[in-house]
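Annotated NAD(+) binding site per Swiss-Prot: Asp29, Ser30, Glu31, Tyr32, Asp33, Ser78, Leu79, Glu107, Arg130, Glu164, Lys278, Lys302, in sequence order, evidence recorded as sequence analysis. Positions annotated as active site, N6-AMP-lysine intermediate by Swiss-Prot: Lys109. Here Swiss-Prot flags Cys395, Cys398, Cys413, Cys418 as Zn(2+) binding site, drawing on sequence analysis. Positions annotated as domain 'BRCT' by Swiss-Prot, on the basis of sequence analysis: 577-652.
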Amino acid sequence: MNKRMNELVALLNRYATEYYTSDNPSVSDSEYDRLYRELVELETAYPEQVLADSPTHRVGGKVLDGFEKYSHQYPLYSLQDAFSREELDAFDARVRKEVAHPTYICELKIDGLSISLTYEKGILVAGVTRGDGSIGENITENLKRVKDIPLTLPEELDITVRGECYMPRASFDQVNQARQENGEPEFANPRNAAAGTLRQLDTAVVAKRNLATFLYQEASPSTRDSQEKGLKYLEQLGFVVNPKRILAENIDEIWNFIQEVGQERENLPYDIDGVVIKVNDLASQEELGFTVKAPKWAVAYKFPAEEKEAQLLSVDWTVGRTGVVTPTANLTPVQLAGTTVSRATLHNVDYIAEKDIRKDDTVIVYKAGDIIPAVLRVVESKRVSEEKLDIPTNCPSCNSDLLHFEDEVALRCINPRCPAQIMEGLIHFASRDAMNITGLGPSIVEKLFAANLVKDVADIYRLQEEDFLLLEGVKEKSAAKLYQAIQASKENSAEKLLFGLGIRHVGSKASQLLLQYFHSIENLYQADSEEVASIESLGGVIAKSLQTYFATEGSEILLRELKETGVNLDYKGQTVVADAALSGLTVVLTGKLERLKRSEAKSKLESLGAKVTGSVSKKTDLVVVGADAGSKLQKAQELGIQVRDEAWLESL
């Protein structure tokens, strides 16, 4: 039987690839169904012989308990957005400073969910959501039900690939029709439907909803030398790759492609929200590198957002964790980009004044970045009142006087004991990107704060299980889970804690860079601002913000209390070696290396104690050059900085 099962699995997987990937089936649906039924019968009779890549794994019945966290071996960066031709020109100018004659590749930006697929010896072992780029959720069982994702590859490869999982428009219509007939709320748009489907604990539901994918990148180190060749290789492995793409030599060609795609957009069988432009050559990508948040070699052009008219009914003012007071407009409900919008941000008081927004105005609403509803402008021809909006002079939370500093656009409450700021800070501390305390969301934090059980983040680690039972709606099982989640968070690597402290200008990526360099929060506390400012991708603003924060008596007390409660203050990832051959030296890599990949060269320099930066300055000690080094080599020579080549680096 094993031989026949092998034959059937091989045949059915080949036919599935022809149907879903190549769109060129060689057998009829009835023949496929006949072979499929034969395989099901054999697997039922001989369950111990079911193969890992059997197509029957894609259907039916497994109910999951939940989704485990999964650390990405290769981080998933976000992309810098562009909304105009001018911003694309600026991107091109930045690239050409480092790469003399770049070729770009333009691909459609699919409006779906980012996923990462990992194969070991050619077998799918992990399918993961993007999450925060470093940690996602393991949804392997659900992704196995997406019919165009290969369960096995034609080669026994260890490989990680990235792509988008989406719901085709036809599937979306079918799903919503079924939900309407069952009296269930309809999904607002295909992206929400795809997200909701991938979060299903019942894998049979996922199998029925006909999700699809486009893969676009090999995340693990690639042996291809360009993005275009990488896409063709993914196709050879059996992945679905979007065929709508071009190579372009300049922004004129890119802009023409964007206009063409914009005209075709509504006729596509899936949703897109833009075009992604990348430098095609992978060596040039390595040369350009990354900012804290995004690659310097790519940009995502976003199509203009849909706009609708709505009437302003009132304005709410809320206080954030940094004391900024933000106005939010209450509006007559409108349908916008697939969802009902009745509230939209007004940004800040300067924005209200600049746009001259008044009571009862008719305004234009759009979704900034296709996500956040915002008021764009006033329809002055429909103005019914000359009365200006009431701007608060006191904090809506603590009633302290609000300040409007000359160099800021927003009103700010500077009371350090402002309840709203404290509560928002606690919510931020427990959030996924910070300490990631599962279950400790806004609702529980608000109840803990109202019950006077927590006043600062250190209090979170003093909570006992019985404290949660004092809160309305919290039962013993939930209390136990919350307590366990808090205890588990004590072991987080320290960059999570640093970000959780909510220090102004210090985001998650900056926190990671700081801890990679200083090894612990205690070392960072002792560091001077000049050393902080010298770290690649950081700078003076972050350095000054850290200096201001650590200068307060409260910060020293808080760090001591966190340490006393058992919270880890050390970085657990790869750190900079202190007493190595290049310890303390600032090094710049430039040009194309012949034998080492740029990432390998950077890792080697860092392992020898060097700090690798992206630009040459008076602070640079050494420049390692490859072919076509360009302006960085010229600047190093002008400044009299020592220059070394790849052979020298290999000899260390």
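Each residue, glycine too, has its Cβ placed from N, Cα and C.
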Practice item. Round to the nearest Å and give the CA-to-CA distance linking Glu31 (NAD(+) binding site) with Cys418 (Zn(2+) binding site). Key: 70
Practice item. Between Arg130 (NAD(+) binding site) and the residue listed as 'active site, N6-AMP-lysine intermediate', find the distance joining the two CA atoms and give it rounded to the nearest Å. Key: 16
Review point. Taking the Cα atoms as reference points, how far is the residue listed as 'active site, N6-AMP-lysine intermediate' from Leu79 (NAD(+) binding site) in Å?
Key: 11
Check your understanding: Excluding Cys395, Cys398, Cys413, Cys418 themselves, which residues in that chain have a Cβ inside 8 Å of the centre of the Cβ atoms defining the Zn(2+) site?
Key -> Val319, Gly323, Pro396, Ser397, Asn399, Ser400, Leu402, Asn415, Pro419, Ala420, Gln421
Point to revise | When distances run from the Cα of Leu79 (NAD(+) binding site) to each of the binding-site residues Cys395, Cys398, Cys413, Cys418, the nearest one | key: Cys413
Check your understanding: What's the most sparsely packed of the binding-site residues Leu79, Cys395, Cys398, Cys413, Cys418, counting other C-beta atoms within 10 A?
Key -> Cys398
Revision key, fill the gap. argmin Cα dist to Lys278 (NAD(+) binding site) over the binding-site residues Cys395, Cys413, Cys418 returns Cys413
Point to revise | Counts of helix, strand and coil residues, the domain 'BRCT' (577-652), according to DSSP | key: 25 helix, 18 strand, 33 coil
Practice item. For Glu31 (NAD(+) binding site), just give me the three-state DSSP call. Key: helix
Check your understanding: Which Cβ among the binding-site residues (Arg130, Lys278) has the fewest C-beta neighbours inside 10 Å?
Key -> Arg130
